[in-house]
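**Q** Take a look at what TrEMBL says about it:
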type    : residues                     : note
BINDING : 89-95, 114-118, 183-186, 257 : GTP binding site
BINDING : 95                           : Mg(2+) binding site
């Protein structure tokens, strides 16, 4: 809170000892979730200063699920607590290194590598790109008003666009198509409708953007949300269409990782795309 400009004081100065307690245990790799811990967290989450700090969370690094779990503190602190499906879906662990997964869908074998997107993780990628069929590029659409973990000056969505450009134009990947996941559509919609962080303040070109005539919004979707999500999509497509040579393609999808039905539909689409890519690689299509 003190590192923000301007800084935000605690609503109740008497909660400072609770802040010091949380700071003392946060560096620990393992600790007991005692009743004192839950009480300190509960009291801080009720503090007006902490609430004001949360409203400015785009100025520092805070995981998207923070509010969800803090709001569920009364359930989580119970001795008989069992995580729900939504609890599991909202958990997040920073990807560091390379994680390999093999699975089968409809008798089709998939071999997937999950790599970290942070700058210091990117040098590890090259070993994964040998003989791949496709690259799944995941970008957080809601990050238009946020900064990257490595510094507090680089816009996170612009960083994603730059990274996408570097992958798309890489001379070793000229024949590898990209499946683009424009993720966190739920968070993007919340931000756009709240109106506190305007997209045009971070991307001035948004002021003159017109939604394409062939754009298909979701049912009951607010036009402001439709315009925002297609603008972000088209920022990525501008890169792929400007430098494409017909040897690889970009397939964009709007995704929400905590919506299992959405992910199921998207994955079915991606399965078909990947199968077609595989056939094309071996000149069978």
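Cβ coordinates come from backbone N, Cα and C, glycine included.
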**Q** Take the Cβ of residue 89 (GTP binding site) and count every other Cβ within 10 Å, whichever protein chain it belongs to.
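**A** I count 16 other Cβ atoms within 10 Å of it.
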**Q** Which number gives the other C-beta atoms within 10 angstroms of the C-beta of residue 183 (GTP binding site), all protein chains shown included?
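**A** Summing over all protein chains shown, residue 183 (GTP binding site) has 21 other Cβ atoms within 10 Å.
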**Q** Among the binding-site residues listed here, 92, 186, whose Cβ has the fewest other Cβ atoms inside 10 Å?
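**A** Each of the binding-site residues 92, 186 was scored; lowest Cβ tally within 10 Å is 92.
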